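Trainee: What follows is a structure written as structure tokens; I'll ask about it next.
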Amino acid sequence: MDELQDVQLTEIKPLLNDKNGTRNFQDFDCQEHDIETPHGMVHVTIRGLPKGNRPVILTYHDIGLNHKSCFNTFFNFEDMQEITQHFAVCHVDAPGQQEAAPSFPTGYQYPTMDELAEMLPPVLTHLSMKSIIGIGVGAGAYILSRFALNHPELVEGLVLINIDPCAKGWIDWAASKLSGLTTNVVDIILAHHFGQEELQANLDLIQTYRLHIAQDINQENLQLFLGSYNGRRDLEIERPILGQNDNRLKTLKCSTLLVVGDNSPAVEAVVECNSRLDPINTTLLKMADCGGLPQVVQPGKLTEAFKYFLQGMGYIPSASMTRLARSRTHSTSSSIGSGESPFSRSVTSNQSDGTQESCESPDVLDRHQTMEVSC
């Protein structure tokens, strides 16, 4: 394989300003389906056509969002077209969270998080999809992880943004951080997505999502989805012990990329998840100068990381990968964990003097530790 070139990546396109924020939420060339499952109806949006035996990229959004507000800025980003031309994309909306969704009838029992995960196999069967590469954010990351634990044969890879593997996570934390005791679900959701610094500094972005959550998402249905997420079980995943082959161990078997912004309220939860996963097939990506929605605020960086991830799985090997600057932190937890990682080289950039130190990932590095990169 030709040596990958590493250069500094900077975001070059403004996002979610008054001119293009709405446009980036739009779907282009998509087909919508309502699919019946044992746990109720689910709304999906298909983008592109399946490519032979390749997996489909399947997304699942976070609470307070739908596939449009969670993922369309990312998938409409110009550089993502290099990926989407090779893969069909299936966006899944949690029940009642899609645009213009009607309210559920009185007494409706919303699916649990486990049941939401079990709605996915009938979706794949209905659409004749054999396997997926999942991209989930927050609650969606939890659902896709549960799905992968229950059906490992259907999942080739996972990109998990802001995942919390624990039974109690950010919602309790977010509510306690708000001034006073509030029952405003919009404020709770905003505190779930964004840290205090971002809430105060990125006012345009916050206002865009405040209006979206309040006006575009059915509030009764949102309360039900929020309640389901608050009632989630611990994923109960365990990190394998080096040299011990225990098939009873509960862990993600597929290639996994964990993503979190360094200013996100989810940092501790993602680090906790990383500590429980198999370091052989897990990469932790911390995105600098980024808050709670990296796929919205820094789509260029995430696109480049996703390209590396897919290349590590054997897909799109000819993709242009020259923009992502990767740095290896100096803590012991940041050592490269596997020669099979999609990131085969690491670069530490010294911003003060402009020098770069190239660091290979040969066998001399500690293979018992997860690879951690930052960009």
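Any Cβ shown, glycine's included, is placed from N, Cα and C.
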Trainee: Among S338, S349, S358, which is annotated phosphoserine in Swiss-Prot?
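Mentor: Among S338, S349, S358, the residue Swiss-Prot annotates as phosphoserine is S338.
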Trainee: Considering the residues S264, S341, which is the one that Swiss-Prot annotates as phosphoserine?
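Mentor: The candidate carrying the phosphoserine note in Swiss-Prot is S341.
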